[in-house]
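The block underneath contains the structure these notes are about, expressed in structure tokens.
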């Protein structure tokens, strides 16, 4: 049984049988039509959030993980694609997972997506890891869909409980001291990895500074040093900054998400950085594939690809025969 103390001080326990039932209900819809909703109770969601929040705070802000592990990028509420990722990679605990953030917003099923991820975090705290993305932030997900989904299916209270949980998510992970993972990218304020370890939690995401950059910055092919970012937040950084950073910290690779890429993954700076994006047909507007990066015991990286659904298939699925 996992026990958590809420901010009010009363004990809330999530019984392991309750947790298993939540996971069962959330995963059995993979056998149904894509898009079928799973409506948990408000009490169950609160238990997931408060229990996961405690685990996040017990674990470091810079996670230190070991391979083998599978790394996934943005999901953005595309729940049926999240279930496809687990079908490809193996449902926990058959594989270790690290997700790089942006679980909510834009897609139709942010609630199912984040609830399953939190449930797996609670069930397998030493094998399943979640980082914070720039959308795990009240000021962003208030606008891009998650708030509206919470309000439509529950109430604003539920959204606030998620906000408290998101404010405690770790922001980076180091795999075998060689692969540094975060949602966005590098920062001009990052001189030592201890600066990540020492970032405060719980916290909102500030408009500038190290935490902001880790979740918002982007690589820029034509940039030397640090450049302006078209997002209006943080910076872009050139291949020179990636090389400099890896050399200084004796690292092999930076792994990040945050940008849709056509093949689901894309290398940068002579394979010193990789972008992984795991939401195929992003928003129904892009023809991109989704990818998951598998890191084996020897730190060899390979990619499993979720192809974008063909338009024809989508049409046939929605047609009664």
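Every residue gets a Cβ built from N, Cα and C, even glycine.
According to Swiss-Prot, the protein carries these features:
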{"type": "ACT_SITE", "residues": "135", "note": "active site, proton donor"}
{"type": "BINDING", "residues": "74, 76, 102", "note": "Mn(2+) 1 binding site"}
{"type": "BINDING", "residues": "102, 134, 183, 258", "note": "Mn(2+) 2 binding site"}
{"type": "MOD_RES", "residues": "2", "note": "N-acetylalanine"}
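Residue density at the residue listed as 'active site, proton donor': 27 other Cβ atoms are found within 10 A of its Cβ, drawing on all protein chains shown. Non-local contacts of residue 183 (Mn(2+) 2 binding site) by the CB criterion (under 8 A, 6+ apart in sequence, same chain) comprise 100, 101, 102, 131, 132, 133, 134, 171, 214, 215, 256, 257, 258. Of the listed binding-site residues, namely 76, 258, the sparsest Cβ surroundings within 10 Å are found at 258. Listed in chain order, the residues near the Mn(2+) 1 site other than 74, 76, 102 are 73, 75, 77, 101, 103, 104, 105, 106, 107, 133, 135, 257, 277, 278, 279, each with its Cβ within 8 Å of the site Cβ centroid. Other than 102, 134, 183, 258, the residues of this chain whose Cβ falls within 8 Å of the Cβ centroid of the Mn(2+) 2 site are, in sequence order, 74, 100, 101, 133, 135, 184, 215, 216, 257. Between the CA atoms of residue 135 (active site, proton donor) and residue 76 (Mn(2+) 1 binding site) there is a gap of 9 Å, rounded to the nearest whole number. All protein chains included, residue 74 (Mn(2+) 1 binding site) registers 29 other Cβ atoms within 10 Å of its own Cβ.
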